[in-house]
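Structure record follows, encoded as structure tokens.
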Amino acid sequence: MLSRLSERCTIATGLEQVLRHYVWSAAWLRDAEPAAAASENIDLSGLMERAGRAAYDVFANLYTSQKHWLILVGSGNNGGDGYVIARHAREAGKIVTVLRMPHSKPLPTEAASAQHAWKAVGGTESTMSPGAPLQLPADVDLIVDGLLGTGICGPPREQYADVIRHINGLPVPRVAIDIPSGLNAETGEAAGACVKADHTATFICLKPGLLTGQAKDYVGQLHYRSLGLEDWMTAPERMRVALCRRVALDDVYEYFGIRRSALAHKGSCGKAILVGGDHGFGGAALMSAEACVTVGAGLTRVLTRPEYAAPLLTRCPEAMVTAVETDTGEQLKQQMLEAFEWASTLAVGPGLGTGAYGQAALTAALRHAELHQDKTLVLDADALNLLAGCLHGREGGAAAGARKHLPVLPNSIITPHPGEAARLLDCRVADVEKDRLAAARRLAAILGGTCLLKGPGTIVHCHSSAKTAIVDAGNAGMASGGMGDVLTGLLAGLAAQRMHDTFDTTCAGALVHGVAADMVAAEDGRGTRGIRATELIHRVPLIVNASGPSPASRQRPSGQ
């Protein structure tokens, strides 16, 4: 079943298999390009030639019947790549129209060289007039975006923005060189007009802005080409400065390739306890329990309100249920502390509410986790809202008044969506989304553990190790109620089994969650609209028991 899912980042050779699982800063790459070129005994013009040729090959293979290519070139090296593409397209018999943005200073040396080579084969270009409407040949059937590269920060200037908006409105396929113009290569922010590409060809390394933030709306299918620099990029000194990992479909085999011992028993597979389901929110605890059981926890126990005990046991008889009746703060905390002694993993949040029940659960969980640092504590939903109250002294927080002391919990996992993240950081949602990687680092520091920042291009960051990952799985169908409850159950169940450290457990849980949603969307061409959270649960065993390449066959390069 996993083999039916399409890879989100295509590669040309097996040597690129490792590199598409790592991400470097675009700024680092710009500084490193001279050394990269020198390693191949070529100059930067030679490297541009490789990039343009690689992009041409990608686009020509995708669009074999398109006869008239429009190449839009800007004033930087992205435009230089466009000239190289134009030359190869012309040599292949395509009709090529090159439109150049006006610029007041000379082209960079490499771009000027590519422009000269284009003109040397008889190529021509037109310069767009400032303020004039964009005039395009009527028979153009492919638009190549070479306007702006990875150095853009902030919205494009108005003339660029006008062109971008115009081509986005045309019923013609659009492809982007390295990154869609207008998209921030470091953060994935589209601060203004941004090219909506059907395909993007990127070079040498993946950049974070292609994978998170608003990238999913603009990048289309991603194609990675290393330009023959695989050995140079995988050297330890380069791997050490990689910004983060890209966790993707084939990582399923790395996380779950080791089979469960034939001598396993329910005690050895971990005991997870889930706290949630206050009055009116029983479904959340139920979905979380089902996910925890299905991902392989040895024993699952749920603390919830009495009215949900029977429905939960009917739906998920494998789970144990403890009904919590009291609303007295100290009695609540004591009951929960006693229950927590049984568990190896705690998860607090699904349907928790922010009343006395929720406040007691969070207080007890933090106290217990501080005393039992070996246990994993997962916090989600209203547990995070209550935690924000502790941090910022808001009404409804587990501590009234000033900020409460919070323990350092290296084995904690918090799983905020952008709204919860904004409350935890006391900022706007827009501030979180502007730089999701930076937000995840700040969030992980709150308890000194691991943060999973939900959203397209989920970010996982571990405070103690400073490791970061972008999880490239999942789809828009996950924008529905209950998805976070399922994720909490998956994380609790995986943490209970202690297959990996907390960071890798979090990455694995996010990956299972996203891949399950992709499986649902792919079945019989169903699509993403109307996916229910419970549908993901039934796909989980297929993922965590998937057979594929052994982890030993996918060894990471030294330096990681």
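Note: Cβ is positioned from N, Cα and C throughout, glycine not excepted.
According to Swiss-Prot, the residue from ASP43, ASP57, ASP145, ASP217 that belongs to the K(+) site alongside ASN78, SER181 is ASP145. Long-range Cβ proximity for SER480 (ADP binding site), meaning a same-chain Cβ under 8 A and a gap of 6 or more residues, is found for ILE531, ARG532, ALA533.
DSSP classifies THR458 (ADP binding site) as strand under the three-state reduction. For the region 'NADPHX 2' (417-423), DSSP puts the residue distribution at 6 helix, 0 strand, 1 coil. Counted over every protein chain shown, other Cβ atoms within 10 Å are most numerous around MET478 among the binding-site residues ALA476, MET478.
You'll find the Cα of ASP145 (K(+) binding site) roughly 9 Å from the Cα of ASP178 ((6S)-NADPHX 1 binding site). With respect to their backbone Cα atoms, PRO456 (ADP binding site) and ASP178 ((6S)-NADPHX 1 binding site) stand 20 Å from each other.
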